[in-house]
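Colleague: Below is a structure I'd like to ask you about.
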Amino acid sequence: MKFLSLKASHYAALLFSKRDLSFSSKTQLSKPPIQKTFFKSSSKDGLISRLCEDKKYKEAIDILCDQKRLREAVQLLNRIQRPSALIYSTLLQCCLKERDLEQGRRVHDHIRASGFVPGLFIFNRFIDMYAKCGSLGDAQKMFDEMPDKDLCSWNTMISGYAKVGPVDEARRLFDEMPERDNFSWSAMISGYVRQDRPREALEFYRMMQKSQTFKSNKFTVSSALAASAVVPCLRSGKEIHGYIMRTGLDSDEVVWSALMDMYGKCGSIEEARRVFDKMGNRDVVSWTAMIDRYFEDGRREEGFALFSELMSSGIRPNEFTYAGVLNACADHAAEDLGKQVHGYMTRLGFDPFSFAASALVHMYSKCGNIENAKRVFKGMPKPDLVSWTSLIVGYAQHGQPNRALQIFELLLKSGIKPDHVTFVGVLSACTHAGLVDKGLEYFSSIKSKHKLNRTADHYACIVDLLARAGRFEEAEKIINDMPIKPDKFLWASLLGGCRIHGNVELAKRAAEALFVIEPENPATYVTLANIYATAGMWSEVAKVRKTMDERKVVKKPGLSWIEIKREMHVFTVGDMSHPKYNVIHEFLKKISKRMREEGYVPDTNFVLHDVEEEQKEQNLSYHSEKLAVAFGIISTPPGTPVKVFKNLRTCVDCHTGIKFISKLVQRKIIVRDSNRFHCFENGSCSCGDYW
C-alpha cells in the first residue's frame, strides 16, 4: 500500500517561522553582474528576463519550475541578494517533484553559503526531498542537525526508512519519537509489509490496537490486510474485517480492495467475490484484481466470465487487465479466447508500447500461433525485452531454432540488453536443434560478454543440451564445477538425456538426487523405470514400482485435449468414456492398418509392462494423444489443421505414429506437449525428431 505523504496543511502555522526569514549578520552576499545571455530569446524567456530586471525573482522561478527548467531556476539563486524562505521552499518542492537530488544539493549548498538559517518548515522540506530522492544519509544528517523537531520531522524520516529500508532504523526512530499519530503507525506497518516482514507488521498493528490512543484509519487497516495476505493468515484478515465493519471504515473503496485482495490470497476466493460484489464503485483495478484471483486459483472459466462482465460494464479495461487475461489464455492454451481479447483491444484501442502488447506476443507464442505472434511483434513501434524473449522462445518451441537465434542477434543489434530469461530461450533453441557448440558459446557469453550471473536455469539448459547429445562427461564436469547447488530441473534434464542414450548408471545417480529433492514426483520413477525397461532390466523395473507403492507415489495420468467448436474434449489412455469412442476406435483401427502398409512399426521400448509384444502394441494404440488426434480428424472438415495439447512429453511411438497419420490424411497436426510444439505435416515433424 502506497501512503500519501503528510499534507503541508497540518503544519501551516509553521510555514514561515522567524528563522526562515532571517540571515546571519556576519554574511552579506555581493550582487553578481547581470547575465544578459542567461536565457534564450523566446517570448517566454523574454518575460523571465524582464521579471529578473524588475527583481521579481520569485515570479521568474515559478515560471521556470512550471516549465520543468529546474537547473535554470536554481541558477537564478546566484542573482538574488537575499533569497527568501518562499523562494527556497519553491525550489525544494520542485526538486522533490522532479526527484532531482543534484539540484536539491545545490539549493542546500547555497543556503549554507548564504548564511540563511532554515526554520522548521525548510528543514522538513529538505528531509522530505532527500528521503524521497533516495538519499537517506543526507536526510538523517539534516534531521540530526535540526535544533527543533516536530511530528512531521519524525514521520518523514520514519516513512523514508520504512519505504526503502532499513526498516529497523525506522523502528528505532519510532521508539524514540516523543509523540505519534496515525501516520507514524501506518508508516511502520506498511514498512514491514514492504520489506517482506508481514508477521512483524501484524504484531505492530496489534500493538496499535492495544494502545487505545489511536484509531486505525483506512491506510492502517489496508496495510494490515496486506500483511495478512502475504503471510497468509485468514484468521487475522477476518479479525481486521470485523474491526472495519464495527468502526465504519467499510465505506472506503481502498479498504474494500484490500479486503478482496486479502481473501483472494488467503485462498478464500468465494469471500473475495462477495466483497467484490458489495463494492459500490468498482474501478478497473478492483475488476482486474478479482479476475486475476480467479486465474491464480485455476478457475479460468469464472475468470473469463468476469472479464466478459467487465467488457459490458462500461468500465474500460487497462493494460494490466488485458495482460492478466492474455497470460491466462497462454497458460491454458486458450487461443480462441485470446483472439477475442485481441479483438476487444483492437476495437477499444490500446497502447502498442504497453506490456499488454507484449502479452499478446506471449499468448500467441504459447498457443502455437507463431505467425500471429510475429505479426503483433512487427506492429509494435518499440518491442520490449519481454516481446523479444517471447518470440525467441516461440520460434525455439515451434521447431525453428535457427530463426530463434536470428531474432536473438537482432535483439542484440537493437541495443536492448538481454536478461537471464532471454538466455534460457536461446539455450533452449540450441537444445531443440542439437547445436551443442553454439549453445556452449552462448553459455560462455552470459558471463564473459553480457556480465550476467548464470542462474540454475542456465545450468539446467546446458546440461540438457549436452545430455541430449550424449556428451555426458562434459555435462558431469559442468555439474561438478558449478558454483550453485544443482536443482531438480538440472537433474531431470540429465535423466532425460540418459533415457535417450540408455545411460543406466548416470540415470541412477540423477534419479537418486531427484528422490532427495522431490520424492513425491512420479515422473522420476517412471523415467527411471522406462530406462530399465529399455535395457531389459525387468527386476529393476519391479523395484521401482515397489518403491512407488511404498511411498504412495501415483503416476500422473497422461491427458490430451482438443477444442472443437469451443468445447473442450479431454482424453486419457484407453479412454472409453467419450460419446464417440466407437467412431474413434474404428478410425484408429483403419488408420493403423494403412500405417503398417506404409512401413510403420510400433516402438514398444518404453512400454513398462513385461508383457507380450502384441499386448504392448495394443497399449500404444490408445495413448491419449492418438485418441485426441483421431477425434480431431473425424470432427473437422478435410484439410483443417488439428491442434492437440498434452500434459506430458509425447512418447516416441505416438510421435512416429502421428507423422504417418499426417501424411495419410493430408492434415497439419500440431501437438503441444510439456516440452514444445510438434508440427506434423506430410510425414515429417518440425522438431526433426530431436526432442
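One is the number of the first residue shown, and numbering goes on along the chain from there.
Backbone N, Cα and C define each Cβ position, glycine as well.
A TrEMBL annotation is a machine prediction, not a hand-curated record.
Bear in mind that the values here come from a model prediction, so they are computed numbers and not experimental data.
According to TrEMBL, the domain 'DYW' annotation covers 599-691. Annotated repeat 'PPR' per TrEMBL: 84-118, 119-149, 150-184, 252-282, 283-317, 384-418, in sequence order.
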Colleague: Near the repeat 'PPR' (384-418), which same-chain residues lie under 8 Å Cβ to Cβ, leaving out any that are not at least 6 residues past its ends?
Modeller: 355, 357-358, 361-362, 364-366, 368, 370, 373-374, 377, 424-426, 428-430, 432-433, 435, 438, 450, 452, 675-679, 685-688
Colleague: Please indicate, using numbers and ranges, the residues of the same chain that are 6 or more beyond the repeat 'PPR' (252-282) and have a C-beta under 8 Å from a C-beta there.
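Modeller: Distant contacts of the repeat 'PPR' (252-282): 1, 218-219, 221-222, 225-226, 228-230, 232-234, 237, 240-241, 244, 289-290, 293-294, 296-297, 299, 315.
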Colleague: Where else in the chain does the repeat 'PPR' (283-317) make close Cβ contacts, counting only residues six or more beyond its ends and a cut-off under 8 Å?
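Modeller: Residues 253, 256-257, 260-261, 264-265, 267, 269, 272-273, 276, 324-325, 327-328, 331-332, 334, 337, 341, 344, 348.
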Colleague: Per-residue pLDDT averaged over the repeat 'PPR' (84-118) comes to what?
Modeller: 92
